[in-house]
């Protein structure tokens, strides 16, 4: 293992230790992969297939009550009730857009995270968070303004999928498209929480859980290169790179992670990932948020084309979602069109991501941040004897 990879691994481990969530006396079964659940059942003197049955109840049927698991005998159900629980994050606030997008603030301990459901004509995508806040401090990101609090556990990651599935109809309620895709593009940097993100994605892929194709699970990263190299050896899912700048000088300014792992280092790691991945069809997705007169000029498009000339990719151009006190502006339609056309002249596949949820808090992290701020204000008022209740939605 390289010195750089060792450093990254130690950073991840240190972060996990520093922010451990208080443990329940009972085992939360949502923290376990099928292999780990089988090991638990073996310790209980039970056959491995019982673990398979239990996973089906939890993830196929959305069941969190052992008493309702009819093909598991009563003695085993009673054993499970003594030592285990099935616990997912609860929704504290829900916002529904006129275009069908649903955004939830979910409670994890005493903190808030965000999960977003995005229905389309041929699919429904769930955008999942991996951390409470984020340590990377990208200047254009609402979540980054909150700072980093802690990593999410496996159950808090996969539990977002479970909770959303229960709400929008994966478990037999009609009228809403079931979740077909999951993207790790919510709050946080997934590669700084590998210990929990990888098992959560394994559950997403497991046929006894959600059985998603590895092409339908996407991890988006700002470029923690050593962690990407580790992930390459552990799991194969679709990969998206949050690039957002065509040169190191600009990327250093808007994405401080680039000072540690620059564009060349990142793209070298991406090429290694593509060499072994079946999930990506030989192409990586490049994400590029457009900031008015910062990174959206024709010269930037030419520079980006040069950076990506040897990388099989599709490029997603993302209209920036403003948030309070942000230092940037949203690119005009004409600048977006010109940027897209310039890249297409080089032969790239370039898609301008359709803006969703315009009538709700669209910027990632904004809803959770608003809930946290409102709760803090409420607690401060209570502290000084004003006793105002938290606003219900």
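Cβ coordinates come from backbone N, Cα and C, glycine included.
According to Swiss-Prot, the feature active site, proton acceptor maps to 114.
Taken from Swiss-Prot, the feature domain 'Radical SAM core' applies to 120-359, supported by sequence analysis. Note on the domain 'Radical SAM core' (120-359): its mean pLDDT in the predicted model is 94.
The secondary structure of residue 127 (disulfide bond), as reduced to three states from DSSP, is extended strand. Taken from Swiss-Prot, the feature disulfide bond covers 127-364.
Neighbour count (other Cβ atoms within 10 Å of the Cβ, all protein chains): 21 for residue 138 ([4Fe-4S] cluster binding site). Residues or ranges marked as [4Fe-4S] cluster binding site by Swiss-Prot on the basis of sequence analysis: 134, 138, 141.
Annotation source Swiss-Prot lists S-adenosyl-L-methionine binding site at 188, 189, 220, 242, 243, 244, 321, citing sequence analysis. For residue 242 (S-adenosyl-L-methionine binding site), the same-chain residues lying six or more positions away in sequence with a CB closer than 8 A to its CB are 138, 220, 221, 222, 223, 255, 287, 289.
Annotation source Swiss-Prot lists active site, S-methylcysteine intermediate at 364.
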Measuring Cα to Cα, tell me the gap between residue 244 (S-adenosyl-L-methionine binding site) and residue 114 (active site, proton acceptor) in whole angstrom.
22
Residue among recorded positions 114, 127, 134, 141 with Cα closest to the Cα of residue 189 (S-adenosyl-L-methionine binding site)
134
Work out the three-state DSSP category of residue 189 (S-adenosyl-L-methionine binding site).
coil
Cα of residue 243 (S-adenosyl-L-methionine binding site) to Cα of residue 141 ([4Fe-4S] cluster binding site): how many Å, rounded?
13
What recorded positions in the list 114, 127, 321 lie within 10 angstroms of residue 134 ([4Fe-4S] cluster binding site), counting C-alpha atoms?
none
Using C-alpha atoms only, work out the spacing between residue 141 ([4Fe-4S] cluster binding site) and residue 321 (S-adenosyl-L-methionine binding site) and round it to an integer in Å.
9
